[in-house]
Every structure is written in structure tokens, then in C-alpha cells.
Amino acid sequence: MPSNKSVSDAPIVQFTNCRILRDHQLQREDLWVREGKILNPEKLFFDEKGSADSQLDCKGSIIAPGFIDVQINGGFGVDFSLATDDFKSGIDLVSQKILSHGVTSFCPTLVTSPPSVYHQVLPQISVRNGGAHGAGILGAHLEGPFISKEKKGAHPEHCLRTFEAGAFQDLLATYGSLDCIRIVTLAPEMKRSSEVIQELTKRGICVSLGHSVANLSQAEEAVQHGATFITHLFNAMLPFHHRDPGIVGLLTSDKIPPGRRVFYGMISDGIHTNPAALRIAHRAHPKGLVLVTDAIAGMGLAPGRHTLGQQVVEIDGLNTYIAGTKTLSGSVATMDTCVRHFQEATGCSVETALEAASLHPAQLLGIEHNKGTLNYESDADFLMLNDNLHVQATYIAGQEVWRQDTSGM
């Protein structure tokens, strides 16, 4: 005889009066959470004869999966490309502060640096779950140093490297270890890049194409060898040309292997990409668009001089430049701002804007069974937002980790 006792004694929370983003639609349903996972209420009622231990009235809010930022260089005075003795406390600070932007998981990103920096910093980055202490860490994103001199952008030229005879060994020697690495951005036109792409892909590391002068056929070849991402589309690559559209042409290429999707990052801050370019990319390949902040140490701080790895950058309003130049260097935009700007610029649906910061980065990293959706059994990392897509509260594993302070409003 089945008992009325629930399968687990863990408390069940029922979020009511909300619109949940599920199956690409906002649906008027309740959300049920137990032990950090999203529950199927039918199984709970019919198989377990269980019910909620507590209810939370969401007052009509949108509930969406937590945002995932796969390219963030730092923030709040912390620069992930600087080797410091208190690096761990810096990464902890950023992971705590970005909860208010709706980010529940991220990939700390290092720009082109000397090998000594990688050797010092990477052992201090460990993959971990999020919680009250801050957003979860999915692994590092290494942007460079195997990139093009012509399209180096804000990366220091004296640290750039090419692949020599033992290409993959070069990369290993430069980084020191691949243990915590999730994404590597490289220029696919470099000699011997194909073998490197294959070796990284074999180890489950996502290869992204960027800071590159590659033509379309070089980019297609890289995808055929396993590359799946484009780092900040339009920025630091050859401009679109109708006879050879370069890396941008991957968005509509017919040479992508069957069953493979190419994703591309967009810095939707109103500075890095003109709204018309954002619309072109989105209309050409909506399912591949991944919103990234590309945020630097100056995010969340007053304008002035800050760092990006080996360089000094100046923040002027929303613009960030390498000091003394007009070279853009990362952004100071927050992820929730990027989501709102993307929706406004493209006129896309609320669902589409939210999925570009949650479902798509999860699919890129192959973690969509746990994160980036509110499907049953997935991690209960989610946000409460108002109709204008301002974050009201952030939850990780079903626990509230941040809430908008409304007392002074």
C-alpha cells in the first residue's frame, strides 16, 4: 500500500500567482520546488499524494531561469586577469554582486595575459555551485592569447602567441592546466589551429572563434573541427563583406555539420553593437544568440581609470576605452541591462530576450538539462522579474539569494 508520506521529507515550496517561462512561452502556472530542483506537480499529487509545505505569492511576477554569463572579465574593482594574492576573495565578491543582475552562473573570463598569470590564476578558479555566497562558477573562459594581431582589440600585443610545431602542447604550456577551463577563444586562421580545436573539443572544452581575420571558409573549417561559438559577434573580426562575409557568415552558412548549432555572443549594451546590427544577427539566426556582458573591473564603479589585465582603461559614461585611445575595451553593462536593451532594440518577445541570457548559454555549454530552463528536475535557479524585466529577486537551488530592497521606494 502506498503511504501518503512524500518520497522525501524535504520541504516543498509552491510559488503561486506567477507567469513561468517554460517551453518558450510565459505560462500562468505555479512553480514547485524541492531540494533545489523543480518538481512535477502531477507526480507529487498522484504518485506521492504530497502537497506544498509553504506557498509564496509572486504577485503576478515573471519567473524565468537564472541568467548565465559566459564572458565576464570582472567587476566592482576586481579584474580576473590580474594575479593577486586575494584572487579568491575577488571572485567571491563578483559572484555575490552579480546576483542582483539576475546572474546565477558565470564563466570568469581572462583576456590575453602572460603565461605566469594563467599559471597563478587558473588554479584559484574552481567549478562550484551557486548559493547564498554567490553565483555558480561553470569554469573559466580564456580569451586569447592565440588570437590575431590585427584584431587584438584591447588585448596586449606583446602577450599574443601563435601555435608552433607542437600546437596543443604550446597551449598547455601557456595555460598550465585545462582543469577548470570551459571556453577558449582563438583565431581559426592561425596555422595548426585545427588540431588544437579538435583536442580541446575532445576534452569537452567549448572553442570560440574571435579576435580574428578569418574568412568564411576558415571559420567553416573550424566549426567542422568542433568550434561552436563566436566571441562578441561583429567586434574584433573582419566586417561583413558580401563576397566573403567572414566569421559573420557562419550565421547563415550551409556548411555547418548536421545537428550542430553555432552560437554567437552579443554585447547588447548600446555601445558595442548598433541596434541595427543586433537586429540583423537576431533575424538571421535567432536560436544562436547568447547575450554576454563582457564586463570589466569598472562595472559597478564610478567613471575613471581601471584595469583590464595588462592594460589601463578609462570609463566615460557607458564607454570604456584603452587609456589614451578610442579602442573599446569590454563593457560596464550588467546582464539585466543587456536583456532589456536587446528586447527594446530588436522588438523581440520577452520570452526570446530572457532565453538569450539563459537557455542559449546553457545549450552552448551542454548543461541545458540542469540549467537555463524551468523544466521538471532541472536546477531551481530562477528569477522573479517585473513586466519591464527588472529583477526583483534571485533564487539559486530554490533558495532566495537576493531581493530588491523596496523599503526606501
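Using the three backbone atoms N, Cα and C, a Cβ is placed for every residue, glycine included.
Keep in mind that TrEMBL annotations are predicted by a computer and have not been checked by a curator.
Annotation comment: TrEMBL describes D294 as active site, proton donor/acceptor.
Residues or ranges marked as Zn(2+) binding site in TrEMBL: E143, H211, H232. Non-local contacts of H211 (Zn(2+) binding site) by the CB criterion (under 8 A, 6+ apart in sequence, same chain) comprise E143, G144, I147, S148, K151, K152, G153, H155, T185, A187, T231, A236, M237.
Residues or ranges marked as substrate binding site by TrEMBL: A154, N235, A236, R243, H272, L328, S329, G330. Sequence-distant neighbours of G330 (substrate binding site) (same chain, 6+ apart, CB under 8 A from its CB) are N73, A154, D294, A295, I296, L308, V313, T320.
What TrEMBL records for 62-401 is domain 'Amidohydrolase-related'.
It is 22 Å from the Cα atom of R243 (substrate binding site) to that of H232 (Zn(2+) binding site).
Other residues of the chain with a Cβ within 8 Å of the Cβ centroid of E143, H211, H232, the Zn(2+) site, are Q71, G144, I147, G153, H155, T185, S208, G210, T231, N235, A236. Ranking the binding-site residues H232, R243 by how many other Cβ atoms lie within 10 angstroms of each Cβ puts R243 at the bottom.
Sequence-distant contacts of S329 (substrate binding site), defined by Cβ-Cβ distance under 8 angstroms and a gap of at least six in the same chain, are G153, A154, I296, L308, Q311, V313, T320, Y321, I322.
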